[in-house]
Amino acid sequence: VEPVLSKGNNCLDAAKACNLNDTCKRFRSAYITPCTSSTSNEICNKRKCHKALRLFFDKVPPKHSYGMLFCSCRDVACTERRRQTIVPVCSYEDREKPNCLNLQESCKKNYICRSRLADFFTNCQPESRSVSGCLKENYADCLLAYSGLIGTVMTPNYIDSSSLSVAPWCDCSNSGNDEEECKKFLNFFQDNTCLKNAIQAFGNGTDVNVWQPVLPVQTTTATTTTASRLRNTGSETTNNEIPSHNDSPACANLQVRE
């Protein structure tokens, strides 16, 4: 992906580039229709919208799909277009925000959502000692895991036009004794340094050197450890680990059984 140097609306440019690519244009048109068509009882058919969105991100080359979703912006018009990429009124928003832990439970009941959420926890795991901000030192895996959530009940989107913070459509009200666990789950989306760095690097065209684990991670004991060794150290945890009721990472409970 070439660096984005245009001073114009990069997200608009990305949409135009999509329309010039037959595959991108076809699958984009295929999700725009169900995600905007009105019915008598609701604004859109969310189930069909989600299915079409999954196909878009599964089938369209990252150069075009990521270009629309992770384009870099300098003004509100651009960031709003970026936020509207997934047609949030249909695919993202709803009448009321559910509790995030309840939304997570709904996700775990679906094979696709469960496995993709587990991928997100694994591949976007932040690491403060890493140069990239990611435990796996691989932006491509993180962006793939994030985009994989779009079209599921856990569909995330940009919270506003002033930052790269994202979140699923949920909050932590009515969490009771699980409020801390709920906030950690939500913060994994909102305050995820790995994900933010990956989005920013793609948008700026500076992600080329962080697509594969290359740089070493400096540990607190001054021992240089490679990213691959960190991934294989099952006992090592970070402050960003998502706990579940049994104090193990939430992603452990989401792994697909074979």
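Positions of Cβ are set from backbone N, Cα and C atoms, glycine also.
Where the annotation comes from TrEMBL, it is an automatic prediction and has not been curated.
With helix defined as DSSP H, G or I and strand as E or B, the domain 'GDNF/GAS1' (11-90) counts 60 helix, 0 strand, 20 coil. Under the heading domain 'GDNF/GAS1', TrEMBL lists 11-90 (among others).
Among the features that TrEMBL reports, domain 'GDNF/GAS1' is placed at 100-194 (among others). Looking only at the domain 'GDNF/GAS1' (100-194), the predicted model's pLDDT averages out at 96.
The region 'Disordered' annotation in TrEMBL covers 221-258.
Marked as compositional bias 'Polar residues' by TrEMBL: 228-247.
Sorting each residue of the domain 'GDNF/GAS1' (100-194) by its DSSP state yields 50 helix, 11 strand, 34 coil.
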